[in-house]
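Listed in TrEMBL for this protein:
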TRANSMEM  A:12-30  transmembrane segment
TRANSMEM  A:36-59  transmembrane segment
TRANSMEM  A:71-97  transmembrane segment
TRANSMEM  A:109-132  transmembrane segment
TRANSMEM  A:144-161  transmembrane segment
TRANSMEM  A:181-204  transmembrane segment
TRANSMEM  A:216-238  transmembrane segment
TRANSMEM  A:268-293  transmembrane segment
TRANSMEM  A:305-324  transmembrane segment
TRANSMEM  A:336-357  transmembrane segment
Amino acid sequence: MLRITQGQITSLIILTLLVQIYVFAPAVMAEHVGQHLWLPLLLAIIAAVILMKMMLWIVEQFPGKSFPAVLHYLFGEFCGGVLGISYFVYFFVLFIIHAQMIVTTFKVLFLPATPMISILLLVLLLCLYCSLLGIEVLARASNMIVILLAVTLTFLALSVFPEVDLSYYQPVLPSQAKGFAYSTIVAFASYGQVFLIATLVPFVNYKNERRKHRKIFAGVVFALLLTSFIVMEEIGVFSPFELQRLQYPTVELITMIQMGEFMERMEIFLVTIWAGAILLVSGIFFSVSVKTFKQALNRNKNGKILDVILIIVGFICIVTLLPDTSSLLLFIFDQWVYWCLLFQVIFPILILITFIIRVKVRNHAAN
Amino acid sequence: MWRKRKKKQAPEKQFASRFTTKDQTISHKVQTNLDYLSSNYLTNTDDFVFFPLEEKFGVAYIETLANDKKVKQILNYLRKAVAKEETSMLEQLPFSYKKETSFKHVIQALTRGNFAVFVSNSKEAIIIDILDIKERAIEEPAAEATIKGPREGFTESFQTNISLIRKRIFSHRLKVEKKKAGTISQTEIVLMYLDGVASEEIINEIKKRLSRIELDAVQSSNQIQSFIKDHSYAIVPLVGSSERPDKIAANIMEGKIAILVDGSPFVLYGPISMFSLLQAPDDYYDSMYIATLLRMIRFAALFVTLLLPSLYIALTTFHQEMIPTALALSIAAGRETVPFPALIETLFMEIIFEFLREAGLRLPKAIGNTISIVGALVIGDAAVRAGFVSPLVIIIVSITAISSFIIPNYSLGVSFRILRFVFIFLSASFGFFGIVWGLLGLYLYLSSLRSFGYPYLAPHAPLFPKGLNDTIFRFPLFQQARYQKFTVDQPSLKRFPSKLNPGKKYRKKDD
């Protein structure tokens, strides 16, 4: 089996963190906490870093074992299998969200006359192709895409920085705690996707690769800070009240960039780069979900039928459950952000406790 | 039951390459041997010459393969031996020779340009090499011309080609391994590599792949290529090919392996990456600034070749608001009389241009110029005047065509020409989304490819920062001491002791 490097894992994680939070979340968060958006973002960053460290530590105790195999080891065949399947659902839903996010964004902003299903089919085809190529190829490809996206976002952040009105951040400290919990959950629903690291680390060539925790840590923190900075900038550029009314605040932010008189509007170019990145992220989530499903069921054959079946299931789910932007927003912010707590907080804590009891305590007792 | 029946009825597969040559031991009678040759193996072969010499010797050769001078010398020597009645003279032949005892080997030797001598009362035939095949002189390769580089190019003779490489690498470490491919053609294939530098794993893998080739005849190196590349259906070239000895020698020095095929002036080499196909020999004969600029231009040309027509279609069909107002008005004015959508007019011009390009290639040079005039005036100007296409499409197709000629590797250029049509359809259906979808798909596809195990997009995907000093940017040569990752046996091996700035030392002396 081909293996990936620690650097490639860092790229994959950074990429997943760089594509989502600034799309819909700023408007929802601004609605709840106004200009004090920085506080939920900070809390979410801290929680995400802790989650990443925790999962990295646990998974590295089982070199060469896949994440579902670790779950089987810790929780037994049945409970481990159920937990593995539930994480398959988690990654599958993330794939659906990302796929539909790009479809609705392009449909609403640039392709109003094109049938949604045709765009969706194109996205799903690419995700299927990603899954057939395998995580190793995606890891290889992610290096350059992450550089391109990081440069684009940095360019965006720096270009619109002069437009920031600092008075929109006043007062800096909140006077009441209302809405903070929800906003933190919303931010953490995006940043908590760092959990993906638990399924990626087993792909690392642990025999030849040295652990590079500092690089992974630095990369994750950079991604979290960069996206937070963009979200914060949106407050400074639009004001909290205006931001609440924008469906695609980051696209609006891009329209503020003026490259002389000739290049009047360049949002399509930057959105196109984002589209490439989110397409790859959708592919990553789909590949990981398929892998998790196969590993949870101990099916290690390289069959392609399951991939095709899951893509068809994804297509049906999107068309029936999340057919447009409003249903997608409703699902993400009314249901999914809470479900994320289960996968990104409760289950990881459960895994940690079980790991400490089963492995550490038993080993200690045995010695 | 049906399956069983079908299996029974299926005729036995026959391949011309598996025809066996009947073997027979050589007779002690000269005339019998000559008759056997002419009646069994070389019937209807008018250039086969055979005759007895005073019943003592029988000679046979194929005159179209033979060197006339050598034939005369051998015949004179044999006549002298007959006159002196000394068969022992045959043991002291002043030519290099070998002996064969079976007709199978004699016939193989004859068809490869040897001279056979049958001796009375002997069951052995003497085989003397008299091969003389006319080959063209060493010329500058037309498709890979340089400004400052050497003017030599490979020829169709593999021996000449080996010597052209050898004269650039005078080292015992340069290994030359020969083997034959093509059961009928028996074409010589030569593997050249630098021992101790080239990866043993890759050498063995190439040998294994070469040994698996089952062909009746190998006509060109491209045939070999399709049998040995990692992905049989890859649209892009996965094995390098060049007519330039300096390029092949440089690649061998970098730890790559060259494959020479007799009869083909194109020498294969690998492993390669896509970025190496965008490099030209002149990059190394000029300063790093010029080389870097030229590589950037080529890289840009690659994207223009692939995307310019599709960008035009996407912008004019889906994203008109993105076009600056002044330009949008100009485009609208140009398209006012055009009755077709952007897709049709672009496709029309692209296809016409492909026709012109193919016609220009096939026609003699003198008429080729006429074709370009017809293309430029009649198709271009007249099409615009007739309102078939807008002037901007003519400009776009022309720029695309010029860009495609900038790509140094012909095969890569053709691959991107094919892919361009895919992008045209994608952009016509989905605008920029289609383009980015196609680009990501292509990027993933290229990332998945390997050339003899070496990642095709390396050192960019996967990213090896240390290998980036000779891809789009060309760093000074003294900083390129490292070999490419994976291509050499020992990762720590260096080409020479690298220095950050070798000139600095002398400057200090002057001070």
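Using N, Cα and C of the backbone, Cβ positions are placed for all residues, glycine too.
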Looking at the transmembrane segment (A:305-324) and the transmembrane segment (A:109-132), are there 3+ C-beta pairs under 8 A, with each pair at least 6 apart in sequence?
yes
Using a Cβ cut-off under 8 Å, which residues of the same chain at least 6 positions beyond either end of the transmembrane segment (A:216-238) come close to it?
6, 9-11, 13-14, 17-18, 21-22, 25-26, 29-30, 35, 37-38, 41-42, 44-45, 48-49, 52-53, 56, 150, 153-154, 156-157, 160-161, 163-166, 168-169, 190-191, 194, 197, 246, 249-250, 252-253, 256
Tally Cβ pairs under 8 Å between the transmembrane segment (A:109-132) and each listed stretch (A:12-30, A:36-59, A:268-293, A:336-357), then give the stretch with the top tally.
A:268-293
Which sequence positions outside the transmembrane segment (A:36-59), separated from its termini by at least 6 residues, show Cβ-Cβ distances below 8 Å to it?
13, 26, 29-30, 67, 70, 172-174, 180, 183-184, 186-188, 190-192, 194-195, 197-198, 201-202, 213, 216-217, 220-221, 224-225, 228, 231-232, 235, 240, 344-345, 348, 351-352, 355
Stretch contact, the transmembrane segment (A:144-161) with the transmembrane segment (A:181-204), Cβ-Cβ under 8 Å, 3+ pairs:
no
Do we see three or more Cβ pairs under 8 Å linking the transmembrane segment (A:12-30) and the transmembrane segment (A:268-293), pairs being at least 6 apart in sequence?
yes
